[in-house]
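Asker: When I checked TrEMBL for this same protein, it listed these features:
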type	residues	note
ACT_SITE	42	active site
ACT_SITE	88	active site
DOMAIN	13-188	domain 'Peptidase S26'
TRANSMEM	12-33	transmembrane segment
């Protein structure tokens, strides 16, 4: 009886240990990496609706990086839940002074930005033509051609498809503690440079 019990215990241990190790590895990996599904067309054409991308949860947030963040408590224009996630591009870092000219040129801390991740028509008509259903957020003065400052521990984000994107122009700044991670795509994706490593200017 005792020998049979030992065999059963050994059998359970032999099966349990790999499962436990696998779960621990998955938990550790999950702290650093994740998969993200793009919902909607606000980041097109660089990221398309239903496209699967990768997320680095511990990556350093830089200007022009694409991030995912929890929208609940930020976006008051649309119904959200605690699980609602948005994907947008970081335009302004904490403390940045931002100004858009009437021609759609972007100046950050007085320096002209290239904005090579979006076409010319999006820079002016997309960025500076708000949909009638949205109002400009408090503290954001894109449409007045005046300078505004990104608060500390917050980021200013926009969608690449400016004409339709519901973004920081209408719900303001994204607190750092709402950010999940930085979005990346494999190097063989045609537009990977416009997503993974856009220069500051």
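The backbone N, Cα and C atoms fix where each Cβ goes, glycine too.
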Asker: Any idea what the model's mean pLDDT is for the domain 'Peptidase S26' (13-188)?
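Answerer: The answer is 88, the mean pLDDT of the model over that range.
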Asker: When DSSP is mapped onto helix/strand/coil, what comes out for residue 42 (active site)?
Answerer: coil
Asker: Name the residues of the same chain, 6+ apart in sequence, whose Cβ is under 8 Å from the Cβ of residue 88 (active site)?
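Answerer: The list for residue 88 (active site) reads 42, 43, 66, 67, 69, 157, 158, 159, 165, 167, 168, 174, given in order along the sequence.
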Asker: Once the DSSP letters are reduced so that anything not helix or strand counts as coil, what is residue 88 (active site)?
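Answerer: In the DSSP reduction, residue 88 (active site) maps to strand.
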